[in-house]
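What TrEMBL annotates here:
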type: TRANSMEM; residues: 175-200; note: transmembrane segment
type: TRANSMEM; residues: 220-243; note: transmembrane segment
type: TRANSMEM; residues: 255-281; note: transmembrane segment
type: TRANSMEM; residues: 310-331; note: transmembrane segment
type: TRANSMEM; residues: 343-360; note: transmembrane segment
type: TRANSMEM; residues: 372-395; note: transmembrane segment
Amino acid sequence: MNLQNMYESMKHKVEHVVETGKVDDQYIDGPKEQEAFGKWTHHHFTKQNHPTFIQVLLDGNNDKDVDGHALPNLIYVSREKSTNSPHHFKAGALNVLIGYRYGSLVEDYYTGYRLHCEGWKSVFCCPKRAAFMGDAPISLVDMLNQQKRWDIGLLEVAFSKFSTLTYGVKSSAGFLMGFGYCQFAFWPSWSIPLIVYSFLPQLALLNQVHVFPKATEAWFWLYPFLFLGAYVQDMLDFTIVGGTFQRWWSDQRIWLLRGLTCHLFGSIEYFLKFLGIAAAFNVTSKVIDEEQSKRYDQGIFEFGVHSPMFVPPTVAALISLLALVQGLAVLAVRGGGLADAPLLQLLVAGFGVVNGWPIYEAVALRSDNGRMPVKTVVVSVALAWACYVAASFVFK
């Protein structure tokens, strides 16, 4: 009841101030409030034109709650605004304190990049306790849509007049820093090799065509060396900073998934935007149900909604499974040892099957709401068959 009375009192005060256009003395308690409201009553003070305003609302050293416990500091900051200087309305005070740069969907990356190019020197700080916490979507399709937007924003920087390849490496950031930003700016380009390795070796295997050296050739060992070297190094880097093997495995699986989904669709959408063809803007949902949250905690992928982005990885998983089964069957029937067998293609197909296991579960084994929709499965099967038929003509 006391809380309700406080709310009604506050509501009455706000409505009275709105009606009269001023804050009466009866609503001002103490010199601090008088000082604060005194600035607002200045004849030049408007919401579009006013100086920087900083007001300490709660002081952790003095203010206590009803039980006598210290309250956290609460400080209100309103940045300076002037009718002579245009501004963006998104970041508020941070626009003045830091100077956010716009022109890309990834304004945080773009801001840091431009500041480094202008000579800003940053200090590496990576405490064990997380310095910042955020809210990210846990649904797979929402996560991919979010990362698709990032891909579009990164490509906007990569192909702008401030490109990391031309502007960044020649700026005050330096050659190495510029190429460091290139890694992110051209991040979506990973879709090209990942798509190639997700389809070409498997389709060639289905048509009994070798695309890698045989086991008897000297170049054969280069491919296992590069593959194992890259993956072992990535795993060590992940575990050294406190990650687990399970998290690393999930991380590399998501890395492969991005190449067939958000990197691909983000690149397509960027070039459509470059050509002046508008695309829909997808808003990620932060609302989840209890079952979805449980599946997320268990590390189970969420495929419960139909999305075009689920089609390419499903097609790749189906083709990898078919190629592996057929390749092993041919090897068993023909015999002749492993010297002339397409071992590397079998390994690539097997690796695709292992990473595609969540997709097989979502297609055929799961019965919860996170299973793959029938529409997605039908479209994927049809496209997988079309790829097989097309490849049979190409490899003839």
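Heads up, the Cβ atoms here are built off N, Cα and C, so glycines get one too.
Source: prediction; values computed, not measured.
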Legend entry - Per Cβ pairs under 8 Å, the stretch of 175-200, 220-243, 310-331, 372-395 packing most closely against the transmembrane segment (255-281): 175-200
Inset, instruction - Answer with yes or no whether the transmembrane segment (220-243) touches the transmembrane segment (310-331) by the criterion of at least three Cβ pairs under 8 A, sequence separation 6 or more. - result: no
